[in-house]
Amino acid sequence: MMGNMFGSSLASLFFLWATIQQIFPNHLKIAIKEFFLSTIQQISFAKRFSDKFINFFSPYVQINFSEYEDYRVNHAFDPIETYLGAKATDKAKHLRASQVRESKGLVLKRDETKVRDEYEGIRVWWEMETDSAGYKTLKLTFHRRSRDIVTNSYIKYVVEEGKSIDAKNKKMKLFTNNPSSHWGSSKTSFWRYIDFEHPATFETLAMDPKKKEQILNDLAAFNNGKDYYKKIGKAWKRGYLLYGPPGTGKSTMIAAMANLLNYSIYDLELTAIQNNSELRKILTATSNKSIIVIEDIDCSLDLTGKRKKKESNLMIWRKDGDQDNEENKSFVTLSGLLNFIDGIWSACGQERIIVFTTNHLAKLDPALIRRGRMDMHIELSYCTFEAFKTLAKNYLDLDSHPLFSKIESLMKETNIAPADVAENLMKKNRETDADGSLNDLIESLERKKKVQIAQVDEHKEYSNKIVEAFRKLF
(Lines of atoms letter the chains of each structure in order from A and count residues from 1; the text may use other names and numbers.)
(Lines give C-alpha, C1' and ligand atoms only; values in the text may rest on other atoms or scores of the structure.)
Protein backbone atom coordinates (compact mmCIF):
# COMPACT_ATOMS: atom_id res chain seq x y z
CA MET A 1 0.00 0.00 0.00
CA MET A 2 2.74 2.44 1.04
CA GLY A 3 4.77 1.43 -2.03
CA ASN A 4 1.82 2.23 -4.31
CA MET A 5 1.34 5.62 -2.63
CA PHE A 6 5.03 6.47 -2.90
CA GLY A 7 5.10 5.35 -6.54
CA SER A 8 2.08 7.50 -7.30
CA SER A 9 3.66 10.49 -5.51
CA LEU A 10 6.92 9.99 -7.34
CA ALA A 11 5.11 9.91 -10.68
CA SER A 12 3.38 13.15 -9.75
CA LEU A 13 6.73 14.71 -8.85
CA PHE A 14 8.19 13.65 -12.21
CA PHE A 15 5.24 15.23 -14.00
CA LEU A 16 5.52 18.42 -11.93
CA TRP A 17 9.25 18.72 -12.56
CA ALA A 18 8.80 18.18 -16.31
CA THR A 19 6.17 20.92 -16.34
CA ILE A 20 8.47 23.30 -14.44
CA GLN A 21 11.30 22.58 -16.91
CA GLN A 22 9.08 23.58 -19.83
CA ILE A 23 7.31 26.64 -18.42
CA PHE A 24 9.52 28.58 -16.03
CA PRO A 25 12.70 30.60 -16.81
CA ASN A 26 16.01 29.27 -15.53
CA HIS A 27 16.39 31.45 -12.43
CA LEU A 28 12.86 30.69 -11.31
CA LYS A 29 13.39 26.99 -12.02
CA ILE A 30 16.44 26.96 -9.79
CA ALA A 31 14.59 28.71 -6.97
CA ILE A 32 11.62 26.31 -7.24
CA LYS A 33 14.01 23.38 -7.37
CA GLU A 34 15.73 24.47 -4.16
CA PHE A 35 12.39 24.80 -2.37
CA PHE A 36 11.23 21.50 -3.83
CA LEU A 37 14.32 19.61 -2.67
CA SER A 38 14.32 21.11 0.80
CA THR A 39 10.68 20.02 1.17
CA ILE A 40 11.51 16.47 0.09
CA GLN A 41 14.35 16.26 2.58
CA GLN A 42 11.92 16.99 5.41
CA ILE A 43 10.01 13.77 4.62
CA SER A 44 11.38 11.05 6.87
CA PHE A 45 10.93 8.30 4.28
CA ALA A 46 12.84 10.30 1.69
CA LYS A 47 15.81 11.13 3.91
CA ARG A 48 17.46 7.78 3.15
CA PHE A 49 17.25 8.56 -0.56
CA SER A 50 17.94 12.31 -0.38
CA ASP A 51 21.25 12.14 -2.26
CA LYS A 52 19.67 10.22 -5.11
CA PHE A 53 16.73 12.64 -5.18
CA ILE A 54 19.06 15.64 -5.27
CA ASN A 55 21.21 14.14 -8.02
CA PHE A 56 18.14 13.35 -10.08
CA PHE A 57 16.15 16.54 -9.59
CA SER A 58 19.09 18.97 -9.33
CA PRO A 59 21.51 18.75 -12.24
CA TYR A 60 22.96 22.10 -11.16
CA VAL A 61 26.16 22.81 -9.24
CA GLN A 62 26.70 25.94 -7.17
CA ILE A 63 30.01 27.61 -6.19
CA ASN A 64 30.03 30.42 -3.61
CA PHE A 65 32.57 33.25 -3.57
CA SER A 66 32.50 35.04 -0.20
CA GLU A 67 33.91 38.53 0.23
CA TYR A 68 36.05 37.31 3.15
CA GLU A 69 37.51 33.88 3.89
CA ASP A 70 39.11 33.05 7.24
CA TYR A 71 39.94 36.67 8.13
CA ARG A 72 41.42 37.30 4.71
CA VAL A 73 40.15 39.15 1.68
CA ASN A 74 38.99 36.78 -1.06
CA HIS A 75 41.03 38.20 -3.94
CA ALA A 76 38.74 36.57 -6.51
CA PHE A 77 35.67 38.43 -5.26
CA ASP A 78 36.39 41.98 -6.48
CA PRO A 79 37.44 41.01 -10.04
CA ILE A 80 34.35 38.81 -10.40
CA GLU A 81 32.10 41.60 -9.11
CA THR A 82 33.75 44.01 -11.56
CA TYR A 83 33.28 41.61 -14.47
CA LEU A 84 29.61 41.07 -13.66
CA GLY A 85 29.06 44.78 -13.10
CA ALA A 86 30.36 45.56 -16.58
CA LYS A 87 28.46 42.71 -18.24
CA ALA A 88 26.06 43.85 -20.96
CA THR A 89 25.34 47.29 -19.50
CA ASP A 90 23.47 48.20 -22.69
CA LYS A 91 20.76 45.64 -21.83
CA ALA A 92 20.61 46.06 -18.06
CA LYS A 93 17.65 47.91 -16.56
CA HIS A 94 19.46 49.03 -13.42
CA LEU A 95 22.88 50.72 -13.67
CA ARG A 96 25.40 52.39 -11.36
CA ALA A 97 27.39 55.37 -12.66
CA SER A 98 30.73 56.64 -11.38
CA GLN A 99 33.56 58.78 -12.66
CA VAL A 100 37.23 57.94 -12.22
CA ARG A 101 39.63 60.80 -11.51
CA GLU A 102 40.94 62.43 -14.72
CA SER A 103 38.41 60.44 -16.78
CA LYS A 104 36.20 62.36 -19.20
CA GLY A 105 33.31 59.90 -19.25
CA LEU A 106 31.21 57.97 -16.80
CA VAL A 107 31.82 54.33 -15.92
CA LEU A 108 28.54 52.40 -16.06
CA LYS A 109 28.04 49.11 -14.24
CA ARG A 110 25.13 46.78 -13.70
CA ASP A 111 23.28 47.31 -10.45
CA GLU A 112 21.37 44.03 -10.47
CA THR A 113 21.71 41.03 -8.18
CA LYS A 114 21.26 38.40 -10.91
CA VAL A 115 23.28 38.05 -14.10
CA ARG A 116 23.22 35.40 -16.81
CA ASP A 117 26.43 34.70 -18.72
CA GLU A 118 27.54 32.48 -21.58
CA TYR A 119 30.99 31.06 -22.24
CA GLU A 120 32.08 28.60 -24.94
CA GLY A 121 28.50 27.51 -25.51
CA ILE A 122 27.59 26.93 -21.86
CA ARG A 123 25.20 29.02 -19.78
CA VAL A 124 25.76 30.04 -16.16
CA TRP A 125 23.90 32.18 -13.63
CA TRP A 126 25.35 34.54 -11.03
CA GLU A 127 23.53 35.91 -8.01
CA MET A 128 24.69 38.38 -5.37
CA GLU A 129 23.51 37.87 -1.80
CA THR A 130 24.12 40.26 1.09
CA ASP A 131 23.68 39.08 4.67
CA SER A 132 22.29 41.09 7.58
CA ALA A 133 25.77 42.39 8.46
CA GLY A 134 26.28 43.73 4.94
CA TYR A 135 28.82 41.16 3.73
CA LYS A 136 28.46 39.81 0.22
CA THR A 137 28.54 36.38 -1.40
CA LEU A 138 28.51 35.72 -5.15
CA LYS A 139 26.81 32.47 -6.12
CA LEU A 140 27.66 30.80 -9.42
CA THR A 141 25.18 28.16 -10.67
CA PHE A 142 25.75 25.93 -13.70
CA HIS A 143 24.80 22.51 -15.07
CA ARG A 144 26.95 19.68 -13.76
CA ARG A 145 27.89 18.60 -17.28
CA SER A 146 29.75 21.95 -17.58
CA ARG A 147 31.78 21.43 -14.40
CA ASP A 148 35.15 20.95 -16.12
CA ILE A 149 34.83 24.02 -18.33
CA VAL A 150 33.62 26.20 -15.45
CA THR A 151 36.22 25.14 -12.90
CA ASN A 152 39.18 24.86 -15.27
CA SER A 153 38.57 27.73 -17.64
CA TYR A 154 35.55 29.97 -17.08
CA ILE A 155 36.30 31.15 -13.53
CA LYS A 156 39.89 31.98 -14.48
CA TYR A 157 38.60 33.90 -17.50
CA VAL A 158 36.17 35.92 -15.38
CA VAL A 159 38.82 36.82 -12.80
CA GLU A 160 41.34 37.91 -15.46
CA GLU A 161 38.74 39.95 -17.33
CA GLY A 162 37.68 41.62 -14.08
CA LYS A 163 41.27 42.51 -13.26
CA SER A 164 41.72 43.98 -16.72
CA ILE A 165 38.62 46.15 -16.34
CA ASP A 166 39.77 47.23 -12.87
CA ALA A 167 43.16 48.24 -14.26
CA LYS A 168 41.50 50.51 -16.82
CA ASN A 169 39.02 52.12 -14.42
CA LYS A 170 40.83 51.67 -11.13
CA LYS A 171 39.87 53.91 -8.24
CA MET A 172 42.50 54.20 -5.58
CA LYS A 173 41.21 53.87 -2.04
CA LEU A 174 42.28 55.17 1.34
CA PHE A 175 41.68 52.57 4.05
CA THR A 176 41.73 52.89 7.81
CA ASN A 177 41.36 49.99 10.22
CA ASN A 178 38.27 49.41 12.34
CA PRO A 179 38.91 48.99 16.09
CA SER A 180 39.28 45.32 16.97
CA SER A 181 36.32 45.62 19.35
CA HIS A 182 34.14 45.93 16.22
CA TRP A 183 35.36 42.67 14.70
CA GLY A 184 32.43 40.31 15.07
CA SER A 185 33.25 37.28 12.95
CA SER A 186 35.56 35.98 10.25
CA LYS A 187 33.45 37.89 7.71
CA THR A 188 33.83 41.22 9.45
CA SER A 189 35.65 43.85 7.45
CA PHE A 190 38.78 44.96 9.24
CA TRP A 191 39.03 48.04 7.04
CA ARG A 192 36.75 50.85 5.95
CA TYR A 193 37.62 53.15 3.07
CA ILE A 194 36.90 56.21 0.99
CA ASP A 195 37.99 56.96 -2.57
CA PHE A 196 41.49 58.42 -2.63
CA GLU A 197 41.78 61.52 -4.81
CA HIS A 198 44.84 63.43 -3.60
CA PRO A 199 46.37 65.82 -6.18
CA ALA A 200 50.00 65.36 -5.06
CA THR A 201 52.51 64.21 -7.67
CA PHE A 202 56.28 64.10 -7.78
CA GLU A 203 56.19 66.98 -10.26
CA THR A 204 54.58 69.22 -7.65
CA LEU A 205 56.60 67.85 -4.71
CA ALA A 206 58.89 70.50 -3.23
CA MET A 207 62.23 68.82 -2.55
CA ASP A 208 65.79 68.59 -3.82
CA PRO A 209 65.67 67.46 -7.49
CA LYS A 210 68.50 64.92 -7.06
CA LYS A 211 66.79 63.31 -4.07
CA LYS A 212 63.51 63.27 -5.96
CA GLU A 213 65.13 61.53 -8.92
CA GLN A 214 66.71 58.96 -6.60
CA ILE A 215 63.32 58.13 -5.07
CA LEU A 216 61.64 57.91 -8.48
CA ASN A 217 64.33 55.52 -9.74
CA ASP A 218 63.93 53.36 -6.65
CA LEU A 219 60.15 53.18 -7.04
CA ALA A 220 60.48 52.34 -10.74
CA ALA A 221 62.92 49.52 -9.97
CA PHE A 222 60.51 48.14 -7.37
CA ASN A 223 57.49 48.39 -9.66
CA ASN A 224 59.26 46.43 -12.40
CA GLY A 225 61.04 44.04 -10.07
CA LYS A 226 58.76 40.99 -9.99
CA ASP A 227 61.26 38.65 -11.65
CA TYR A 228 64.20 40.13 -9.74
CA TYR A 229 62.60 39.63 -6.32
CA LYS A 230 61.66 36.08 -7.28
CA LYS A 231 65.21 35.42 -8.46
CA ILE A 232 66.81 36.55 -5.19
CA GLY A 233 64.19 34.78 -3.07
CA LYS A 234 62.71 37.84 -1.34
CA ALA A 235 59.12 38.95 -0.85
CA TRP A 236 58.13 41.60 -3.38
CA LYS A 237 57.95 44.51 -0.96
CA ARG A 238 59.83 47.71 -0.17
CA GLY A 239 60.18 49.72 3.04
CA TYR A 240 60.57 53.50 3.27
CA LEU A 241 61.26 55.54 6.39
CA LEU A 242 60.24 59.20 6.05
CA TYR A 243 61.57 61.45 8.77
CA GLY A 244 61.85 65.16 9.42
CA PRO A 245 60.19 68.06 11.24
CA PRO A 246 56.43 68.68 10.97
CA GLY A 247 55.28 70.29 7.73
CA THR A 248 58.12 68.97 5.59
CA GLY A 249 55.92 66.88 3.29
CA LYS A 250 55.91 63.32 4.65
CA SER A 251 52.18 62.76 4.07
CA THR A 252 52.40 64.47 0.68
CA MET A 253 55.24 62.15 -0.29
CA ILE A 254 53.05 59.12 0.49
CA ALA A 255 50.23 60.53 -1.65
CA ALA A 256 52.67 61.15 -4.52
CA MET A 257 53.92 57.55 -4.27
CA ALA A 258 50.35 56.24 -4.42
CA ASN A 259 49.50 58.36 -7.46
CA LEU A 260 52.69 57.36 -9.24
CA LEU A 261 52.14 53.62 -8.77
CA ASN A 262 48.32 53.69 -8.76
CA TYR A 263 48.31 51.96 -5.36
CA SER A 264 45.68 52.18 -2.63
CA ILE A 265 46.78 53.26 0.85
CA TYR A 266 46.17 51.43 4.14
CA ASP A 267 46.57 53.90 7.01
CA LEU A 268 47.25 51.57 9.95
CA GLU A 269 46.27 52.92 13.38
CA LEU A 270 48.24 50.71 15.76
CA THR A 271 46.48 51.94 18.87
CA ALA A 272 43.26 50.26 17.67
CA ILE A 273 44.93 46.82 17.68
CA GLN A 274 45.11 44.72 20.83
CA ASN A 275 47.86 42.16 20.18
CA ASN A 276 50.13 40.43 17.65
CA SER A 277 47.43 38.03 16.51
CA GLU A 278 45.11 40.89 15.57
CA LEU A 279 47.99 42.65 13.83
CA ARG A 280 48.54 39.61 11.61
CA LYS A 281 44.83 39.30 10.83
CA ILE A 282 44.45 42.90 9.77
CA LEU A 283 47.64 43.01 7.71
CA THR A 284 46.82 39.80 5.84
CA ALA A 285 43.48 41.42 4.93
CA THR A 286 45.27 44.06 2.84
CA SER A 287 45.40 43.80 -0.94
CA ASN A 288 48.37 43.55 -3.26
CA LYS A 289 49.60 46.72 -4.97
CA SER A 290 49.13 48.81 -1.86
CA ILE A 291 51.01 51.10 0.51
CA ILE A 292 50.77 50.25 4.22
CA VAL A 293 51.41 53.39 6.26
CA ILE A 294 52.14 53.85 9.95
CA GLU A 295 52.37 57.60 10.53
CA ASP A 296 54.14 59.08 13.56
CA ILE A 297 55.23 55.63 14.66
CA ASP A 298 57.14 57.11 17.58
CA CYS A 299 53.79 58.31 18.98
CA SER A 300 51.89 55.09 18.24
CA LEU A 301 54.13 52.71 20.16
CA ASP A 302 56.89 52.68 22.74
CA LEU A 303 59.72 52.21 20.25
CA THR A 304 62.27 54.48 21.85
CA GLY A 305 64.86 51.78 22.40
CA LYS A 306 64.60 52.32 26.17
CA ARG A 307 61.98 49.74 27.05
CA LYS A 308 62.09 48.50 30.61
CA LYS A 309 63.29 44.97 31.26
CA LYS A 310 60.29 44.17 33.41
CA GLU A 311 58.05 44.78 30.38
CA SER A 312 59.89 41.96 28.57
CA ASN A 313 60.23 43.86 25.33
CA LEU A 314 56.48 44.64 25.47
CA MET A 315 55.14 47.83 23.95
CA ILE A 316 52.17 49.14 25.90
CA TRP A 317 49.82 52.00 25.36
CA ARG A 318 46.46 52.92 26.84
CA LYS A 319 43.50 54.79 25.54
CA ASP A 320 43.02 58.26 26.98
CA GLY A 321 41.19 58.09 30.28
CA ASP A 322 41.69 54.33 30.67
CA GLN A 323 45.04 54.25 32.43
CA ASP A 324 43.71 52.10 35.24
CA ASN A 325 41.55 49.78 33.19
CA GLU A 326 43.46 46.56 32.44
CA GLU A 327 40.88 45.43 29.89
CA ASN A 328 41.55 48.48 27.71
CA LYS A 329 45.29 47.93 27.42
CA SER A 330 46.65 47.13 24.00
CA PHE A 331 49.71 44.95 23.58
CA VAL A 332 51.90 44.50 20.53
CA THR A 333 55.47 43.26 20.69
CA LEU A 334 58.29 44.70 18.66
CA SER A 335 58.99 41.23 17.28
CA GLY A 336 55.35 40.96 16.18
CA LEU A 337 55.65 44.12 14.11
CA LEU A 338 59.07 43.19 12.73
CA ASN A 339 57.86 39.72 11.76
CA PHE A 340 55.39 41.23 9.33
CA ILE A 341 57.92 43.69 7.93
CA ASP A 342 60.61 41.17 7.02
CA GLY A 343 59.83 37.88 8.79
CA ILE A 344 57.82 34.86 7.66
CA TRP A 345 54.59 36.86 7.47
CA SER A 346 56.16 39.39 5.10
CA ALA A 347 55.56 36.95 2.22
CA CYS A 348 51.76 37.21 2.67
CA GLY A 349 51.13 39.46 -0.30
CA GLN A 350 52.96 40.95 -3.27
CA GLU A 351 53.79 44.44 -4.53
CA ARG A 352 53.49 46.04 -1.13
CA ILE A 353 55.21 49.17 0.11
CA ILE A 354 55.55 49.76 3.84
CA VAL A 355 56.06 53.36 4.99
CA PHE A 356 56.89 54.61 8.48
CA THR A 357 56.94 58.31 9.29
CA THR A 358 58.37 60.06 12.31
CA ASN A 359 59.28 63.55 13.46
CA HIS A 360 61.90 62.15 15.84
CA LEU A 361 64.22 59.61 14.26
CA ALA A 362 66.44 59.35 17.34
CA LYS A 363 63.52 58.06 19.43
CA LEU A 364 62.98 54.90 17.37
CA ASP A 365 64.39 51.52 18.27
CA PRO A 366 67.37 50.78 15.95
CA ALA A 367 65.97 47.28 15.29
CA LEU A 368 62.90 48.81 13.67
CA ILE A 369 64.68 51.05 11.16
CA ARG A 370 67.90 49.22 10.31
CA ARG A 371 68.88 49.09 6.65
CA GLY A 372 67.31 46.14 4.91
CA ARG A 373 64.19 46.42 7.04
CA MET A 374 63.43 49.96 5.99
CA ASP A 375 65.16 49.82 2.61
CA MET A 376 65.36 53.56 2.06
CA HIS A 377 65.65 56.33 4.65
CA ILE A 378 64.33 59.61 3.26
CA GLU A 379 64.98 62.79 5.20
CA LEU A 380 62.42 65.49 4.49
CA SER A 381 63.95 68.57 6.00
CA TYR A 382 63.40 72.31 5.90
CA CYS A 383 62.73 74.06 2.63
CA THR A 384 65.72 74.64 0.37
CA PHE A 385 65.88 77.25 -2.37
CA GLU A 386 65.46 74.53 -5.02
CA ALA A 387 62.32 73.32 -3.28
CA PHE A 388 61.09 76.91 -3.03
CA LYS A 389 61.43 77.33 -6.81
CA THR A 390 59.17 74.30 -7.30
CA LEU A 391 56.58 75.84 -4.98
CA ALA A 392 56.86 79.22 -6.72
CA LYS A 393 56.17 77.52 -10.04
CA ASN A 394 53.24 75.57 -8.60
CA TYR A 395 51.58 78.45 -6.75
CA LEU A 396 52.59 81.56 -8.71
CA ASP A 397 53.67 80.15 -12.09
CA LEU A 398 57.05 81.87 -11.66
CA ASP A 399 60.40 80.60 -12.90
CA SER A 400 62.28 83.70 -11.77
CA HIS A 401 61.68 87.02 -10.01
CA PRO A 402 63.83 89.90 -8.68
CA LEU A 403 62.91 88.91 -5.09
CA PHE A 404 64.24 85.35 -5.52
CA SER A 405 67.80 86.35 -4.61
CA LYS A 406 66.70 87.84 -1.29
CA ILE A 407 64.63 84.75 -0.51
CA GLU A 408 67.60 82.50 -1.32
CA SER A 409 69.82 84.47 1.05
CA LEU A 410 67.27 84.27 3.88
CA MET A 411 66.72 80.53 3.37
CA LYS A 412 70.43 79.88 3.87
CA GLU A 413 70.15 81.45 7.32
CA THR A 414 66.64 80.39 8.36
CA ASN A 415 64.79 77.11 8.87
CA ILE A 416 61.30 77.11 7.39
CA ALA A 417 59.09 74.13 6.53
CA PRO A 418 57.80 73.72 2.96
CA ALA A 419 54.23 73.85 4.32
CA ASP A 420 54.92 77.32 5.76
CA VAL A 421 56.39 78.47 2.45
CA ALA A 422 53.34 77.17 0.58
CA GLU A 423 51.02 78.97 3.01
CA ASN A 424 52.74 82.28 2.27
CA LEU A 425 52.72 81.75 -1.49
CA MET A 426 49.07 80.78 -1.67
CA LYS A 427 46.98 83.68 -2.90
CA LYS A 428 44.77 84.97 -0.10
CA ASN A 429 42.33 86.70 -2.45
CA ARG A 430 41.92 87.80 -6.05
CA GLU A 431 43.83 91.03 -5.50
CA THR A 432 46.97 89.27 -4.21
CA ASP A 433 49.70 89.26 -6.88
CA ALA A 434 53.05 87.48 -7.07
CA ASP A 435 54.92 90.43 -5.53
CA GLY A 436 52.57 90.44 -2.56
CA SER A 437 52.95 86.68 -1.98
CA LEU A 438 56.75 86.82 -2.21
CA ASN A 439 56.89 89.78 0.17
CA ASP A 440 54.69 87.84 2.62
CA LEU A 441 57.24 85.02 2.47
CA ILE A 442 60.16 87.40 3.00
CA GLU A 443 58.45 88.89 6.07
CA SER A 444 57.82 85.40 7.44
CA LEU A 445 61.47 84.42 6.88
CA GLU A 446 62.71 87.56 8.60
CA ARG A 447 60.46 86.92 11.62
CA LYS A 448 61.66 83.33 11.87
CA LYS A 449 65.25 84.50 11.55
CA LYS A 450 64.85 86.84 14.53
CA VAL A 451 63.20 84.11 16.60
CA GLN A 452 65.91 81.59 15.75
CA ILE A 453 68.70 84.08 16.53
CA ALA A 454 67.05 84.82 19.87
CA GLN A 455 66.81 81.09 20.61
CA VAL A 456 70.49 80.61 19.79
CA ASP A 457 71.47 83.53 22.02
CA GLU A 458 69.29 82.17 24.82
CA HIS A 459 70.88 78.75 24.49
CA LYS A 460 74.38 80.25 24.56
CA GLU A 461 73.54 82.29 27.64
CA TYR A 462 72.16 79.20 29.40
CA SER A 463 75.24 77.16 28.47
CA ASN A 464 77.54 79.90 29.73
CA LYS A 465 75.71 79.97 33.07
CA ILE A 466 76.14 76.21 33.46
CA VAL A 467 79.85 76.44 32.63
CA GLU A 468 80.29 79.29 35.12
CA ALA A 469 78.46 77.33 37.81
CA PHE A 470 80.82 74.36 37.34
CA ARG A 471 83.85 76.64 37.54
CA LYS A 472 82.71 77.99 40.88
CA LEU A 473 82.21 74.44 42.19
CA PHE A 474 85.67 73.28 41.18
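Placement of Cβ uses the backbone N, Cα and C atoms for every residue, glycine included.
Listed in Swiss-Prot:
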- Gly244, Pro245, Pro246, Gly247, Thr248, Gly249, Lys250, Ser251: ATP binding site (BINDING)
- 1-25: signal peptide (SIGNAL)
ATP site shell beyond Gly244, Pro245, Pro246, Gly247, Thr248, Gly249, Lys250, Ser251, criterion: Cβ within 8 Å of Cβ centroid: Asn359, Leu380, Ala417, Pro418, Ala419
Greatest C-beta neighbour count within 10 angstroms, which of the binding-site residues Thr248, Ser251: Thr248
Cβ contacts of Gly249 (ATP binding site) (under 8 Å, same chain, 6 or more positions away): Leu205, Ala206, Met207, Leu380, Pro418, Ala419
Three-state secondary structure, which DSSP defines for Ser251 (ATP binding site): helix
Lowest local Cβ density (other Cβ within 10 Å) among binding-site residues: Pro245, Pro246, Gly247: Pro246
